[in-house]
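Contents: one structure, followed by commentary.
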């Protein structure tokens with residue numbers, strides 16, 4: 001009995017050592033996730049992209065992820081753990097990992113880092129993000145066409161520039177159809193609290209909005225809209241399952257092409273630090289199929305999407321007027337400059353609310 | 001549907017999981033046991049409840065699965081806190097950690113799935129009465145079940161002999177034991193009842209509120225339920241008031257934002273917590289002669305032989 | 001037949017020594033089963049959890065960094081719990097300490113303030129933590145409001161206050177409006193001890209706190225009072241000890257320590273104030289306090305051990321793709337075993353025949 005146990009242990013150990021040796025010559029790619037891989041939103045989309053990456057390049061790379069890594073003091077350690085486990089290219093997939101990533105990058109100049117949605121870079125640290133505001137502009141157009149009440153409900157997570165520019169782009173799009181369109185905004189102070197998101201959606205619908213847009217991660221608001229027979233837009237991922245009759249479209253985070261491109265560059269030895277802020281033109285994000293709308297609205301949405309992708313239309317084309325009636329300085333020629341969008345801290349004209357923290 | 005009616009309906013739904021979990025905890029605490037693991041029992045109830053409903057296609061099966069899961073979790077607690085006389089605060093916290101981990105493992109199989117949520121009642125005639133009809137007869141069954149449960153618990157605690165004995169165990173386990181009552185067995189049942197309620201409260205979230213399961217979806221509601229029990233000073237009637245008050249403040253602050261009232265949302269979000277503290281202080285002040293907490297709450301009991 | 005607990009005449013010193021070993025043995029046995037069920041190699045998994053983090057200097061440093069706030073907070077909490085004062089809100093006191101200390105760092109940013117900044121920040125953090133902890137303590141002493149509830153509620157309030165400050169008034173002007181203050185100046189940063197590592201001065205402070213806790217409890221009259229009030233309130237009343245005063249004192253001390261831990265964490269490993277600076281330290285510390293049996297040395301060991309499981313859990317995710325949820329389950333199981341085995345110090349099991357109800361007249 002003792003001997004069999006011992007033998008079994010030896011076999012198990014040998015198996016473990018073997019699998020270690022087998023993987024040694026592959027490129028190791030690591031990921032740090034904010035949420036659980038099953039959050040159906042932000043982290044889920046990064047995880048899908050990782051799986052696509054493995055499918056595409058699985059014979060040349062080995063991937064590892066750490067999930068549920070809080071954006072506090074633990075992040076730096078988690079990133080360093082990945083470095084020490086031999087990962088040569090590491091994707092840190094939330095804004096709050098910016099400073100920890102930078103610290104670890106300085107310490108390990110031979111490892112390459114990719115930080116999602118931040119603004120600090122280094123020789124071995126790139127950043128990448130998507131111009132989601134382009135998609136929000138299209139959503140604004142659709143919303144204005146489809147809304148009977150002329151009142152949009154918007155669920156915000158936190159008033160950071162990404163979210164604020166999304167609200168502004170939505171309104172600028174909507175105003176081209178209906179100059180008197182109104183928006184009601186509720187901040188839930190969380191990226192992820194299905195119950196609270198559902199409560200916020202109910203409150204907005206009860207107050208007369210007939211269209212829900214969200215910048216939070218769960219499908220709860222979509223589901224509420226569906227139940228109430230109202231229309232809604234998804235966020236991060238395809239949410240049509242939760243509102244087959246409600247979803248108009250959804251902004252899909254499609255990181256896979258970018259991940260594959262960067263890993264290929266790493267494999268080829270051509271990786272260098274870059275600042276990638278891609279939009280519809282480079283498929284950094286995509287729009288889910290336009291559903292639950294008449295053909296003419298669908299066509300308008302598709303045309304607008306094409307115009308934005310080709311660069312003919314810029315959602316923040318000048319003049320952009322703030323809510324108190326001032327023209328925003330036009331630093332980018334005929335549209336706002338990227339830094340102005342990245343640091344956006346004002347509401348555009350027509351939003352009858354006060355931006356938190358102002 | 002008028003705005004007031006809509007708000008009341010939202011408040012009813014938002015308060016229901018709090019009320020369910022807090023009712024269970026109230027009975028547990030009234031027997032003298034402090035189980036801080038409500039959040040852990042709730043999230044396992046949510047995972048198992050959704051799993052059960054998804055596999056069977058039945059909301060009722062799902063609710064039962066949630067309750068059974070909650071009971072199983074509470075039995076771990078009972079084994080530790082009652083069987084082995086371990087400190088209850090530490091055991092409850094450990095139960096929450098365990099529950100969060102377990103729910104993730106259990107739920108991994110059906111993340112991304114959805115079910116048809118529990119239907120809203122519709123009683124022809126009654127549900128169509130303006131205003132009151134939808135509120136009294138038109139929500140999902142859990143809402144009314146939770147109210148029936150509180151009434152039942154009130155009746156049990158104050159109108160039955162068994163309830164009297166349970167309260168006696170919570171107030172003075174030494175005397176209760178001396179009178180020949182099986183203190184530990186009574187507490188075991190109370191803890192199991194608490195587990196069943198917490199499991200059902202957890203299951204309510206994926207079965208009726210947002211019909212899908214996501215890890216961590218209870219988002220701290222178990223802790224609020226604990227707070228409510230104390231807020232209600234261990235009285236069922238006050239529990240109802242507390243749960244609906246808390247639900248109301250949560251919902252109203254969302255409405256205030258939607259209406260464009262420009263107060264920092266963080267301040268609004270902190271209102272329910274500040275309100276709880278203030279009300280608690282006022283209640284405690286109004287009372288003369290000490291606290292109404294079960295006197296033996298949280299203390300271990302090992303029968304003498 | 002029935003298995004019952006029986007109180008020992010006195011604490012069993014032998015079991016006190018071997019109970020942690022039994023608990024760890026049981027945990028390892030259970031873990032082996034869990035890993036086998038998941039199809040992972042149990043021996044390799046155990047090595048990743050418990051052995052690997054202890055074999056290199058980097059992981060050892062990380063264990064110390066992770067344990068520092070846990071130990072510091074838990075020492076304060078143990079005083080409260082010994083005195084029967086139930087401070088559940090250390091998380092909030094941690095955050096308020098971080099906020100108060102950061103205020104000075106933000107105000108002196110970019111000025112050529114001298115080396116007094118960091119010590120002043122630490123004092124501010126501790127003072128704010130103590131004051132914040134005094135709110136539930138006063139509510140309890142003055143109005144009889146349950147401190148368990150009020151201290152827990154204040155956690156949420158502190159969290160939202162921090163959130164408001166870093167999104168509004170204290171936001172980094174160069175930070176594209178993201179919710180964080182600017183990186184603190186070097187004079188406002190807790191120095192690290194080893195070049196290139198993360199081990200910082202805070203760990204030394206934590207050791208001082210452990211020593212001070214041991215002296216307070218073991219060698220001073222106040223420490224004696226705290227223990228008596230908790231263990232035998234009636235005797236304490238006869239002894240003329242003022243229980244209310246002790247509630248205020250222990251709450252203030254534990255709040256100060258939590259606040260100190262908060263500002264050290266912000267000015268040390270994090271380097272700026274942002275939301276989410278605490279991954280639940282205040283709550284985890286409650287467990288550390290009990291794992292350490294409310295004894296300062298025990299808390300030090302328990303804090304290091306719990307930190308080990310966090311580091312090991314990450315390494316298990318990397319090396320063996322073991323989900324994080326397994327680490328949580330494992331922590332839960334470990335706590336249960338430790339607590340259960342500790343119960344054998346005070347009690348023994350007896351098998352008795354089912355007897356009729358005992359009608360004991362007096363006790």
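Each residue, glycine too, has its Cβ placed from N, Cα and C.
Quantities reported herein were computed from a predicted structural model and do not represent experimental measurements.
Here TrEMBL flags C:21-51 (among others) as transmembrane segment.
Look at TrEMBL and you will find C:63-82 (among others) tagged as transmembrane segment. Same-chain residues lying 6+ beyond the ends of the transmembrane segment (C:63-82) with a Cβ under 8 Å from its Cβ atoms: 53, 90, 94, 198-200, 202-203, 205-206, 209-210, 213, 216-217, 226-227, 230-231, 250-251, 253-258, 260-262, 264-265, 269, 278, 281-282, 284-286, 288-290, 292, 294-296, 299-300, 302-304, 306-308, 310-311.
According to TrEMBL, the feature transmembrane segment maps to C:116-135 (among others).
Below 8 angstroms of C-beta separation, residues 85-89, 91-93, 95-96, 98-99, 132-133, 135-137, 139-140, 179-181, 247, 251, 273-275, 277, 282 of the same chain, each at least six residues beyond the ends of the transmembrane segment (C:147-166), sit close to that stretch. Here TrEMBL flags C:147-166 (among others) as transmembrane segment.
For C:199-217 (among others), the entry in TrEMBL reads transmembrane segment. Counting only same-chain residues 6+ beyond the ends of the transmembrane segment (C:199-217), those with a CB under 8 A from a CB of the stretch are 61, 64-65, 67-69, 71-72, 75, 78-79, 82, 190-193, 223, 226-227, 257, 260-261, 264-265, 268-269, 295-297, 299-300.
Per TrEMBL, the feature transmembrane segment maps to C:246-268 (among others).
According to TrEMBL, the transmembrane segment annotation covers C:280-308 (among others).
Sequence annotations record features per position, and here TrEMBL assigns transmembrane segment to C:329-349 (among others).
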Cβ under 8 Å, sequence separation of at least 6 from the ends of the transmembrane segment (C:280-308): give me the contacting residues as numbers and ranges.
50, 53-54, 62-64, 66-67, 69-71, 73-75, 77-78, 81-82, 88-94, 155, 207, 210-211, 213-214, 217, 258, 261, 265, 331, 335, 338-339, 342
